[in-house]
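J.: Copying in the features that TrEMBL gives for the protein in this structure:
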TRANSMEM  A:6-27  transmembrane segment
TRANSMEM  A:73-94  transmembrane segment
TRANSMEM  A:100-122  transmembrane segment
TRANSMEM  A:134-154  transmembrane segment
TRANSMEM  A:174-198  transmembrane segment
TRANSMEM  A:240-259  transmembrane segment
TRANSMEM  A:271-293  transmembrane segment
TRANSMEM  A:305-328  transmembrane segment
Amino acid sequence: MSVLYTTVGLIAVYIYVSFVSLVWDGLDRKLVARMQRRVGPPLLQPFYDFLKLVGKESIIPRDSNKMFEASPILALAASITLLAYTPIGFGPILATKGDVLVFIYLLALIAFIRVIGAVSSGSPYAQIGAQREVIMLASREAPMMLGLFAILWRLAKLDVEKPFSLETLYQHNIWEIGTPLTIVGSLVLLIVFIFWLASEIEVGYFNIPEAETEVAEGPMAEYSGRDLALFKLSNSLKEYASASLVVAVFFPWGLSQYLGISGIEAMLVDLVFHTIKVFVILFVSMSLFRAITGRLRVTQAVNLFWSRILPASMIGAILLAIDILGVIG
Amino acid sequence: MNVLPWLIITPLFGAFSMPVISLLGGKFREYWAVIVSGLTLGIAAKVFYTVWKSNEILVYTLGDTNPIGNGVKFPIRIIWEVDLFGALLALTVTFVSFLAILYSLEYMKHDTGLDKYYTLTLVLELGMIGVVITGDIFNFYVFLEIMSIASYALVAFRNDTWEGIEAGVKYMFVGSLASSFILLGIALLYGQYGTLTMAYLAMKIAENPTLISKVALAFLIGGLLFKSGAVPVHMWLSDAHPAAPSSISAMLSGLVIKAGGVYAIARIIFGIFNPGLHGYLKTFGMPAFNLNTLGWIIIFFACLTLVIGNAMAVVQNDMKRLFAFSSVGQIGYILLGFGIGIVAYGDKIGEIALTGAVYHIVNHAVIKGLLFFIAGAVIHQVGTKNLNELSGLARRMPFTTISFIIGATAIIGLPPLNGFASKWLIYESSAMYNPILAVVAVIGTVFSLIAYTRVLFTFLGVESEKVKMVKEPGTAMIVPMLVLVIIILVMGIFSWQISDKIMLPTAKMLEQLNGEYIMALLKFIGGG
């Protein structure tokens, strides 16, 4: 029976998140338009885009191979799987100890499938985009992993049943430890995560692989019709999942315990509240960032990650470590 | 009826009857080779099942029912002693050999002298089976030589190409040197203790650990590290594997360096110089070896091997050379597992490390078999193994590409496939034992990720002129690849069940916390 419940839960989450993440995309476009004194598209524009793309003919380049057609489906499949491991106001559907590794792996896998699709298209633009994507992937994951593992390691010290599971984020959070070192360390890591999120969803500084004006949409250059629609959807899901991680790590508080409700209503309330927090995080990391910054060159972005953000992540991790090892006071 | 002797008799008979059978014509010798290796696989499966079911070590004496001689109190006859580790290796060896022979049916079609080829392949299989089932150290040497000589001949099988001859000569010189080290080690042990039975030798060494036996151990381990292709003595391997026919590369990389290399190292350390026995002696203040030094030496070479092997794989332009260096790298993981198993002997950590090492031997045999089959298919169909000329194969050879993607992800160790579980056990144990070792292991994996991603991109990229007209190979080459792909996927899905049900008991039996290897012999003598 639990398998059945899990499946139903996953499908429900998938439908909900698809809807919400597309709504957010519309909201984002509207907000950015307002920041630039435009009217902008209607809120439901991404839905129209999606439906239109699904209805259009998919053009398969002559030089492409089977992976070109397979990778949109694989990317969407990986995104849906990712949702089963994403904390969404309550613990992930398939929470086990160590599931954080699966989360990181799936997140990287989605990017990697995009790369495979791009390389398989046989287009030089797509290949350049793919190379950039791989470079960015290699640069951005290290600081995030360091920060995430440091936080989960710190939380694992506080008597949790499933260490290194994203579920522990709802049992304890990093602020409740309350010592000055953890607070400073967590704030540093928050900045790291905001930058990581921006590069994960490729906006602002980090809109490098897709760079419309330089390499004509990069990895997506040859995709059209239904394949492109699937990729857009999987990107939106990934966006939501990545932002959910940041929310769960730093702002895991739910409303239900304050309202004194439990059971299925509590889950729904937490889910909605979580979505609002995700929107806020995405507003900072995506809309604002997109509106006020331009694109970096790929070398500059790599440099930024290895010489600014990775050290920041190290500092954050070391502060957390110093706190628990009790070197000071 | 005891099936154990048939494990040797079948391939031996097959190999020796091959010249006669091939008088009947080309098709017959091929079917004969397939039938013989298939039968051997069946027997190995039976032996494995017997040992696994009873969880007891199988002992067999050649020539009599009891190895004890007339009037003496110690074993004088050759015994075969098969524990779960040996049986598992025998199963792996026979399985991959069977697929390699099946694969050769089409792959070797254009070569001449095929009766010799099939004879040598069966002899190679025979040698490896002998190495993994024997309980007598000189018998072990003989089988090791059978295996080595067959593989020298097979590496140089295409003697009209310069690289085959060059690699064969190099392999032969290096291999003979290594074999002479091993023989010297065995001679020293025999001179000191007067026995060649491994289990009995273990007792004698524990009674009287001398400097000579230490020197002998050094010779044995040195020679076997040569045979397993550990850095810095891996140079023969990176020439021999690309030069051999691909079906043979699959056996060399998947089996020979395991059976004649890491298996033998593990057997000699845990069987003859048992760390548990010596630790036990030490608690009574008796003279005993401290095997920790040896463990650290092995860990040192393992770290070197897995970093250098995988790093060298990144810069290769030749597909088979890349796979060969990757084999060196994977041997590093196995040695790391065994090394930690020695230094953390009797611990939970040591047990996890040994489980990982044993598991990785099987996984790597399967995965590398697949990858070399793929390389063979590419060479057979396109005629080049230079990665720069092979761009865009995916369009014309989709099945080969999909198999490659599965093999590559499995060997890097990505979660849904079988390489993950074994590598995870090794990472976990090394992280628990000493985090620096885990960092080294992860560096090795990063290199292997880069190396295989490069190959993947050449498979997927824009089509080059060379690959415009190619098509998939025939059924006889597709089927072995398909079987291995299915095995990889199934082992990946049930990886932790396999780890608990098969690999953990194997590691426990190898570790011999209660001296099972020696006790099995004593029980056998007492009962006989």
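Heads up, the Cβ atoms here are built off N, Cα and C, so glycines get one too.
Unlike curated records, TrEMBL annotations are generated automatically.
Could you place the listed features in the three-dimensional structure?
T.: Within the same chain, residues 100, 104, 108, 111-112, 115, 163-164, 168, 174, 177, 182, 185-186, 189, 192-193, 195-196, 199-200, 202, 206, 208-209, 245, 249, 298, 301-302, 305-306, 309-310, 312-314, 316-317, 320-321, 323-324 sit at least 6 positions outside the transmembrane segment (A:134-154) and bring their C-beta atoms closer than 8 Å to a C-beta of that stretch.
Counting residues 6+ beyond its ends, the transmembrane segment (A:174-198) has Cβ neighbours under 8 Å at 140, 143-144, 147, 150-151, 154-155, 158, 204-206, 242-243, 245-246, 249-250, 281-282, 284-286, 289, 304-305, 309, 312-313, 315-320, 322-323, 328 in the same chain.
Within its own chain, the transmembrane segment (A:271-293) has Cβ neighbours under 8 Å at 16, 20, 24, 27-28, 31-32, 35-36, 88-90, 194, 197-198, 201, 203-205, 207, 239-240, 243-244, 246-248, 251, 254-255, counting only residues six or more beyond its boundaries.
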J.: Cβ under 8 Å to the transmembrane segment (A:305-328), counting only same-chain residues 6 or more beyond its ends: which ones?
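T.: Tertiary neighbours of the transmembrane segment (A:305-328) are 139-140, 142-144, 146-147, 149-151, 153-154, 157, 177, 179, 181-182, 184-186, 188-189, 191-192, 195-196, 199.
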J.: Taking a Cβ cut-off under 8 Å, which residues six or more beyond the ends of the transmembrane segment (A:240-259) line up next to it in the same chain?
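T.: For the transmembrane segment (A:240-259), the sequence-distant neighbours (Cβ-Cβ under 8 Å, at least 6 residues beyond its ends) are 17, 20-21, 24, 79, 82-83, 86-90, 103, 107, 148, 151, 166, 169-170, 173-174, 186, 190, 193-194, 197, 200-201, 265-267, 269-270, 273-274, 277-278, 281-282, 285.
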